[in-house]
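Pulled these from Swiss-Prot:
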- GLY253, GLY254, ASP278, ASP299, PHE300, ARG315: S-adenosyl-L-methionine binding site (BINDING)
- HIS319: active site, proton acceptor (ACT_SITE)
Amino acid sequence: MEVSEERDLYLHSITAALERLNSAASECQSRLLSEHDGSIEDHSANQTAHDNLVQEAYKFLQIAQGPIDTVATCFERTAHVACARSLLEMGAFEGLPIGGESRSTKELAEDLSVDEALLARLMRNSALFEETGPNQYRHTPFSEAYLRPEIRAMFRFAMDEHMPAHLKMHEFLKSNSWTEPTSTSNNPYTYAHDTNGKSMWEYLSERPTRMASFNDGMTLQAMTELWMIDLFPWESLSDQQPTPTTVVAVDIGGGTGMGISRIRSYCCSLPGKFILQDQAHVIQSADPRGNGIEKMAYDFFEEQPIRGALTYLIRRCLHNWPQESIIQILKNVAAAMQPEKSRLLIEEIIVPDMNAGIEEGWMDMIMMNLGAKQRTLKEWEEVLALAGFEVRKIYQIPGNCHGLLEVWLK
C-alpha cells in the first residue's frame, strides 16, 4: 500500500471512529441531563449509554494508536496494574491526604519506611495520581477509589488470583490439547497456582486472608447488581395465596442478605417465610433486614432441606461452576420443588449470540480460569434441560447482558 493510501485510510478510519465516539458521548450526556424516575428501564438506559460510550472510546483509541501500538499497550497496562498492586501493598494510597492536598514522595516514603526512589517510580508510572510538582503527588478520583475496602479487595483478588492464571492460560490450554477447560481441579487457575488437585474454592479456604479478599470484593458486585431482583413481579406471588407457614422465597447462596432483604421489602404485604442460605462462615456475618427472614447454613451441593417453596433463587452463582457441577446443584433444587407450584429464578449474564460486550468478555475469561463459563441463552436452556427444567420466561432489559431466567420443572 502506498504511503498516501495508508494515510487516507487512517484519516477515514479515525474520522468515522470520532463521529461514533461523539455520538455516543452526546447520548450519554443526554441521559445524564435528563430527569430520572428510578425505574429499572431508566437505570438500564443509563448503563447502556455509558457502556456504549466506553466501547466507542476503546475503539477510537485502538484506531488512533494503530495495530502495532495497540499490541504494545500490553506493556503499558501490565505496568499500571503492577504499580497499583505494589502501592496498595505498600500502603501508599492511605498515606496521601484526602481533599486535594499534595505530598512529597520524601515525606510519604519516610512514613511508610520505604525507599523514596522506588515509591516515586511506582507513583509516577501508576497513571493514578496527579503530579503537582517534582516528586509531589495528590489524589485523583481514580486513586481514591482504592481507599474503598470493597474496591481494594476486588483489585487484590483480581491481581493475586486471576492475573497469574491469565498469564499462564496459554500454557495450560496447550497442555490440555487446546480443549475447553471443564474441571474445577484442572484449569488455568489450578495450573498457575499449583494447587495440587484442589479447586480454587478449596485452595482459598486454606488461605483465609485471600478468601476474605474474594468475599469482600463480591459485596461490590452484590450492591451493583441488586436491581436485577426488581425484574421479577414479586407482588404476583399473592396469587398463590401464601399463609404464615408458606416459604415464599429461598435465596440459595444469598451472601450477607441484601438480596433476600430486598425481596422481603417487595413482599411486605405477604405472610410467609423468607430463607437466606449460604455456607456457614458466610451466614455467621449475614444481617438480613425484614420480618420473617431466617438464616440457614447450607451447601448447595447437598440435598435442599426446604421443600415446596414458592420461589427458589440462585443469583450469580452457577457461572462459577462447570456443567457437571451446575447440573448437580440444579437437581438438588429440583428435588425440593413442587411441580406447578415452585419456580426457580436464576440471575446470570446471558451472553448475546453476536457482538458480546466488554463485561461478558472479561467475565467469561475469568470463568475459564475456573473451568466454568458464561453462557448464551441456548447454552443455559441446554444445561437446564439436563437437570429437568424448562425456561418459561426471561426477564431482561434490552441492551443489558444481565437477565433473570424463570424456570419450572418439565
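Using the three backbone atoms N, Cα and C, a Cβ is placed for every residue, glycine included.
Because the structure is a prediction, the values reported are computed rather than measured.
Tell me about the surroundings of these features in the structure.
Cβ neighbour count for ASP299 (S-adenosyl-L-methionine binding site): 13 (other Cβ atoms within 10 Å of its Cβ, all protein chains included).
Taking the Cβ of HIS319 (active site, proton acceptor) as reference, residues of its chain lying under 8 Å away and at least six apart in sequence are, in sequence order, GLU348, ILE349, MET363, MET367, ALA372, LYS373, GLN374, ARG375. Annotation note: HIS319 (active site, proton acceptor) sits in a helical segment as assigned by DSSP.
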Look up GLY254 (S-adenosyl-L-methionine binding site) in the DSSP assignment and report helix, strand or coil.
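Reduced to three states, the DSSP call for GLY254 (S-adenosyl-L-methionine binding site) is coil.
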If the S-adenosyl-L-methionine binders are GLY253, GLY254, ASP278, ASP299, PHE300, ARG315 per the record, what's the largest distance between their Cα atoms, in Å?
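Farthest Cα pair among residues binding S-adenosyl-L-methionine: 15 Å.
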